[in-house]
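Read through the structure below, which is laid out as structure tokens, and then see the notes.
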Amino acid sequence: MVGTGGPVPSFSVWDYVVFAGTVLGAAAIGLFQAIRTRRETSSAEFLLGGRQMTAVPVAMSLTASFMSGITVIGTPAEAYRYGTPFWLFGFSYAIMSFITAEIFVPLFYRLGITSTYEALYTGMVIYAPALALNQITGLDLWGVLVATGAVCILYCTLGGLKAVIWTDVFQMVIMMTGFVAVIAQGAVLQGGLNKIWEDASQGGRLNAFDFDPDPLKRHTFWTIVLGGSLMWVSIYAINQSQVQRYISCRTMTHAKMSLYVNMVGLWVTVSLAVFSGLTMYSIFKNCDPLSNGDVGALDQMLPYLVMAILEEFPGVPGLFVAAAYSGTLSTVSSSINALVAVTVEDFVKPIFPNLSERKVSWVNMGLSVFFGALCIGMAGIASLMGSILQAALSIFGMISGPLLGLYFLGMIFRSANSIGGLVGLLTGLILTLWVGIGAQVYPPLPDKTLPLNVSTAGCLYNQSQDLNFTTDAPWSSAVTLTAQQSVDRPPLADNWYSLSYLYFCPLGTLVTVLCGLAVSAITGGCKQRKVRPELFIQKSDLFCFTCSTESSQVRPLMLAKSA
């Protein structure tokens, strides 16, 4: 009986067929693009898709890239554990889309941007679906990790950015279909969507609006809307894999529109993911699989649900795993392509300026293999970082916050100089890494993270009889709480290290800007005799939907040479 505990069913032959077909389909798109553009071997074609992409496929690619396997696995588990506050990120997505489209995108036609944290995040993205496959199929975890990287290396190496974007479109459809399958079958089993909503309400999962200004509480309206908005701006505005897509658009109008279409895609995706989590709670409200020992980690909850409710439909569990896997393929391929772009444009070409286009193409392919292998290695580090979703967003906040502050210094303040920018960036990184690493070592206690109640009262099969789990207890069991209390926590653990992870980015941005301006003033300010106005935000950039600037007129820079 579903929702009463017990071992997870295994994959059927048809599940393997559906899963393998999805992965092979993604690889086939890469091969098709490679054959189609085999005579167009320029670096611009490989890295920027010939700058002929339109808004809709780019928008779907943008959504798929960061609504990755982490979203498919982590967001439903987040809703199950903490309720619906994550839905408030819809406000953050809207604010992010406006700021990025109206302030940053116009600048991308004059400048380029690089990212320094792509590899670690990509390792986490590879790890998420590998965990799901390991839970459902029993396949070796590292075997899945290597297979994921190999598929991405294949179509990145052969097809370039066009292959990445069109594969993303295919994978976005698979991801949406997986969520819909979970929600539809859950509604059938529970007696309708209204019953799922009613169970969520009775379980306290619908209390999304918490206006407490306490910065130490994990999720409130303010941490999500203020901190989350700036974090997502840093992800979409200064991340190379995203910027590469804007630059690949035919015109600035297409680039801006891709962000607004992407915003709608993010709304739909997060809504389906959160409702999948509420469906999970409705089914497991009387028998929590984690407390009962049926799964070993929170991020294995949704795969366990899928096998529990969809095993009678051959191939459908395979579709769900394909959804998680598709999100991973999308993000990993985007990251590999972005890392190659940065390396070639900012390191290889300046050192070897006389390389022919053919040799550059071979370098592109070789670097795709190298970075793919590196990202597989990073997945091993990701396995040590706890909850996949929060760990991913924490990394974004710690690293991208100071980087965003650095770009604000360069884009807005004409008095800033390179010394101030460097000192501000280092200061911001030191602070955010300090609080972020401290939070990993000394996690905030439940009174700040506010996990909701779970129960094992309805479990018929107990997989953890030797553990002292409490019925109808908060998420952290008596065993966990005892272990936490036995640790000698320093004074900083319950204040500085308990800062909401969504404030890592605003902290890094603010410190970088203020410190950068102060040091710039002390060291004499901007020393350039003539400031180039095209390097700053301009009034004409705002609300410019009739701009006729063609992307082909843009200098193929991946990093501002004047920085």
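In case you wondered, yes, glycine gets a Cβ from its N, Cα and C as well.
Noted in TrEMBL for the protein shown:
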TRANSMEM  16-35  transmembrane segment
TRANSMEM  55-74  transmembrane segment
TRANSMEM  86-107  transmembrane segment
TRANSMEM  119-136  transmembrane segment
TRANSMEM  142-161  transmembrane segment
TRANSMEM  173-193  transmembrane segment
TRANSMEM  219-238  transmembrane segment
TRANSMEM  259-284  transmembrane segment
TRANSMEM  362-382  transmembrane segment
TRANSMEM  388-409  transmembrane segment
TRANSMEM  421-442  transmembrane segment
TRANSMEM  501-522  transmembrane segment
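Touching of the transmembrane segment (219-238) and the transmembrane segment (421-442) is ruled out by the presence of fewer than three CB pairs under 8 A, sequence neighbours closer than 6 excluded.
Proximity of distant same-chain residues to the transmembrane segment (173-193), defined by a Cβ-Cβ separation under 8 Å and at least 6 residues beyond the stretch ends, is recorded for 2, 22, 64, 67, 72, 76, 199, 268-269, 272-273, 275-276, 279-280, 282-283, 302, 305-306, 309-310, 313, 316, 319-320, 322-324, 326-327. Residues 215, 218-219, 223-224, 226-228, 230-231, 234, 390, 393-394, 396-398, 400-402, 404-406, 408-409, 413, 415-417, 419-421, 423-425, 427-429, 431-432, 435-436, 439 of the same chain lie 6 or more positions beyond the ends of the transmembrane segment (501-522) yet place their CB under 8 Å from a CB of it. Tertiary neighbourhood of the transmembrane segment (86-107): same-chain residues 75, 78-79, 208-209, 219, 221, 224-225, 228-229, 231-233, 235-238, 246, 252, 255-256, 259-260, 262-263, 266-267, 270-271, 274, 411, 537-538, 541-544, 547, selected by CB-CB distance under 8 Å and a gap of 6+ residues from either end.
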